[in-house]
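Asker: Just passing along the structure, written as structure tokens.
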Amino acid sequence: METFKEYVTKRIDNTIPQVKEMFKLIWLGVADSMKLKGAIIRTIKSEVLRKNFIHCIFLNGIIFLGTYLIYLYWVSPMLNYLLNHFPTLSNMFTIIYFSLWVYPVYIFSIIANSKWYTEIAKESFVISGRTTFANSTNGILSSFVDEIYRNLLFGVILVMSAIIAFIPYTNFINFVIITWLYSFWCFDYKWILRGKWNLLQRIQYFETHWAYMFGYGLIFTTCSFFFPMLIGNAIFSILYPLFIILSISAKPTKMVNQDGILPKQIPIFYVPEIIVNVILKLYVKYKNTRGAAKSTTPSPSPTTKQN
């Protein structure tokens with residue numbers, strides 16, 4: 001029977017080939033995400049893909065990003081020069097410009113992009129020779145619940161990322177989190193269209209393929225992460241359709257060597273899941289308390305009309 005020391009030594013020795021396999025899987029993910037030529041060719045050949053991708057470029061690249069860059073590098077410096085002695089007026093113009101143009105366009109782009117991304121994913125799925133799963137009534141209800149939980153989960157992750165960004169020397173941690181999140185967003189369309197897995201199953205699959213998934217999202221995140229928020233989001237919105245298209249034909253690989261100290265599965269979404277579950281429990285408790293309070297409130301007695 002091996003001692004604890006022998007067990008630890010064996011695990012450490014087996015970690016070296018495991019690390020090599022990890023970097024190999026990361027590179028496979030990077031390589032699959034760099035096949036942009038194939039995604040562009042598919043986009044050009046398909047009318048649906050081409051139309052929706054042009055919409056994404058026009059809205060995000062020209063209307064939103066273009067006008068924002070014009071303001072940032074032309075209008076704003078000119079205003080600062082002209083209103084050098086009236087900084088209050090310059091600040092007022094900035095507030096008005098962002099309130100009436102930048103943020104409304106940004107919100108509209110989020111809504112429009114969601115529709116276009118879905119169309120792009122569906123068409124890519126069909127082009128790849130796959131067929132979508134026909135949902136039953138129970139399946140539709142389950143998908144609706146999944147979608148609510150999914151949006152809450154992503155919202156919590158983004159809030160956590162924003163909080164981490166304010167902590168010194170955590171930029172790398174934030175980059176890793178966003179890389180995994182972007183990668184999940186790319187593949188989630190494919191998994192939803194298959195219709196075979198619920199959200200928790202999709203998360204489990206993602207977490208057991210953590211090395212490949214990190215590699216797949218690495219280039220995508222690098223292209224937008226280091227820019228200011230609005231510019232980075234615009235770049236993300238332009239590139240995202242291409243990475244969705246590539247994810248449809250990608251074949252993620254998980255780590256085979258389990259004898260080292262590297263984990264088989266990294267619980268990437270563990271903390272956000274706990275927070276979402278707490279939020280949902282508090283909401284249900286609040287609704288139940290409110291419903292009980294309403295049921296115990298006496299109804300007003302009817303008044304009698306006197307002649």
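Going from the start of the chain as shown, residues are counted 1 onward.
Cβ coordinates are placed from backbone N, Cα and C, and glycine is handled just like the others.
Residues or ranges marked as transmembrane segment by Swiss-Prot: 53-73, 92-112, 153-173, 175-195, 225-245, 260-280. The annotation N-linked glycosylation site is assigned in Swiss-Prot to ASN135 on the grounds of sequence analysis.
Where in this structure would I find these features, and how exposed are they?
Answerer: Remote same-chain residues near the transmembrane segment (53-73) are listed as 43, 97, 101-102, 105-106, 108-109, 112-113, 116, 120, 230-231, 234-235, 237-238, 240-242 (criterion: CB distance under 8 Å, separation of at least six residues from the stretch ends).
Among residues of the same chain six or more beyond the transmembrane segment (153-173), those with a C-beta under 8 A of the stretch's C-beta atoms are 181, 199, 269, 271-273, 275-276, 279.
Within the chain, the transmembrane segment (175-195) has long-range Cβ neighbours (under 8 A, six or more residues past its boundaries) at 29, 117-118, 121-122, 125, 130, 132-135, 139, 143, 150, 154, 157-158, 160-161, 164, 202, 205-206, 210, 213-214, 216-218, 220-221, 225, 236, 240, 243-244, 246-248, 250, 252, 268.
Away from its own ends, the transmembrane segment (260-280) comes close to residues 11-12, 14-19, 22, 149, 152-153, 156-157, 160, 177, 180, 203-204, 206-208, 210, 254 of its chain (Cβ-Cβ under 8 Å, at least six residues beyond either end).
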